[in-house]
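S.K.: Per TrEMBL, the feature [4Fe-4S] cluster 1 binding site maps to Cys14, Cys50, Cys82. The [4Fe-4S] cluster 2 binding site annotation in TrEMBL covers Cys155, Cys159, Cys162. According to TrEMBL, the domain 'MTTase N-terminal' annotation covers 5-119. Residues or ranges marked as domain 'Radical SAM core' in TrEMBL: 141-373. Taken from TrEMBL, the feature domain 'TRAM' covers 376-437.
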Amino acid sequence: MTDPKNFRIKSFGCQMNVYDGERMAELLAAKGMKQAADGEDADLVVLNTCHIREKAAEKAYSDIGRLKREDGSRPMVALAGCVAQAEGEVAQQRSKAIDIVVGPQAYHRLPELVGEAASGKRPVDTDMPAISKFDAMPARTRVGPSAFLTVAEGCDKFCTYCVVPYTRGAEISRPWSDIVAEAQSLTERGAREITLLGQNVSAWRGEDEKGREGGLELLIRRLARIDGLERIRYTTSHPADMDEGLIAAHGEVEKLMPYLHLPVQAGSDRILKAMNRHHTAESYLKLIERFRAARPDLAISGDFIVGFPGETDAEFEETLAIVDAVGYASAYSFKYSPRPGTPAAEMEDQVSTHVMDERLQRLQARLAEHSLAFNRSKIGQIFPILIDRRGKKPGQMIGKSPWLQSVFVESDAAIGDMVEVTIEQALPNSLGGRLREMVDA
Ligand code: SAH
Ligand code: SF4
Ligand code: F3S
């Protein structure tokens, strides 16, 4: 295999996985490699995988089969991301076509590993080094109007169904100065919105320039002082470690958007306990109340799992009840997927696929009612949207509302513009608006 000249990266996972994909692209570009154009063959394909559910994990392998070219040759393949971390060398036994295996804490070594693979080796690196990979990373280059910024990695919560503590390792916070510098550099390169990422972002702790210790609230207040940065978001939070300061920030920091992704997973206290969630349905609802007192127009989004081992019909009804009590603006819901090495996979009373299908369908119908109601509540309102892509129709642009809804508008605005719209139409997953005025370009 020769040294690859161009590459393609496919990301399959969460926002942090997408962020990692961007950083890997920057690393390879810094070594002189080019990103392959659409339709062009790439010499190196990086599959940036997700291990969270079986379906997500299997997708990577089915993709490898499709990489063979018409002449029988194939690109150099790097398996990156959480499947790489979980499977290590076993991945290369499963598929001969995998040249490189690189975990999410080791990808700063990707260029080196590519060199080794070009000389005929099949390197595997799933180390979780004490020295942060971020220190070895080039400056940010690939920036859109809305950028991700990883501030905390790993997770110490050990929900019994979840692989993240194993694939991403222990919780670590990136240092304050690194984060501020990256946010500044993203803003200088055109980002107007930054989403702070962490598997458990609300656990971020650090020290500011003056050595004062604090949590996410302190960081958000500092980032809000960056000129040109107009919107700040963060995800994902855990209900057990949201503090008073962060709640207050939602009422006080104008740039902090009125949107909170706060997964609850289930509505039954017995199931929450079996999931090791460290909160009850009631403590969760009380927390939401406090957030809404600070910021009445806050949109809440959540994650749900149906069919956790042992979940009865009555317990599933409690999930529907919490959905009604909160009135989610949006949500992600999943069928429980047993993951190797997690405690829940060993539990008795696994729920049948048939029952899970039925529960998921009912849950999603209920969630859709709530998101449509939330979207409808915006009809007639006027607010700024951040244009982030082109629509399918000529002259149509799509932007994000403060509540993270996609808003379709006819406009000659450019990507990255903030425009003011009057909302005229609400659909289950989007809004339609009319341009009111250009706020600024
Ligand atoms: N750190 C975040 C995200 C974790 S993964 C959090 O704590 O919320 C995103 C979502 O995937 C989880 O919130 C959960 O709803 C879902 N998920 C995780 N493991 C799963 C599994 N084994 N089966 C089904 N869904 C799962
Ligand atoms: Fe997984 Fe729970 Fe950690 Fe979220 S908090 S990443 S669901 S273990
Ligand atoms: Fe998937 Fe890893 Fe993210 S398992 S959800 S890519 S942290």
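Glycine residues also receive a Cβ, built from the backbone N, Cα and C atoms like all the rest.
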S.K.: Cβ under 6 Å from ligand 2: which of the binding-site residues Cys14, Cys50, Cys82, Cys159 qualify?
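M.R.: The binding-site residues passing the 6 Å Cβ test are Cys159.
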S.K.: What is the nearest of the binding-site residues Cys155, Cys159, Cys162 to Cys50 ([4Fe-4S] cluster 1 binding site), using the Cα of each?
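M.R.: That would be Cys162, nearest by Cα distance.
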S.K.: Within the same chain, and leaving aside Cys14, Cys50, Cys82, name every residue whose CB is within 8 angstroms of the centroid of the CB atoms belonging to the recorded [4Fe-4S] cluster 1 site, in sequence order.
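M.R.: Neighbours within 8 Å of the Cβ centroid, excluding Cys14, Cys50, Cys82: Phe12, Gly13, Met16, Asn17, Thr49, His51, Ile52, Ala56, Gly81, Val164, Thr167.
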S.K.: So if I take the binding-site residues (Cys50, Cys82, Cys159) and measure from each Cβ to the nearest atom of ligand 1, which come out below 6 Å?
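M.R.: With ligand 1 as the reference and 6 Å as the Cβ limit, the list is empty: none.
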S.K.: Which whole-number value in Å describes the distance between the Cα atoms of Cys162 ([4Fe-4S] cluster 2 binding site) and Cys82 ([4Fe-4S] cluster 1 binding site)?
M.R.: 12
S.K.: Would you find the one among the binding-site residues Cys14, Cys82, Cys155, Cys159, Cys162 whose Cβ has the most company, meaning other Cβ atoms within 10 Å?
M.R.: Cys82
S.K.: DSSP helix, strand and coil counts for the domain 'TRAM' (376-437)?
M.R.: 1 helix, 36 strand, 25 coil
S.K.: Please go through the binding-site residues Cys50, Cys82, Cys155, Cys159, Cys162 one by one and keep those whose C-beta falls under 6 A from any atom of ligand 3; give the result in sequence order.
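M.R.: By the Cβ criterion, which requires under 6 Å to ligand 3, the hits are Cys50, Cys82.
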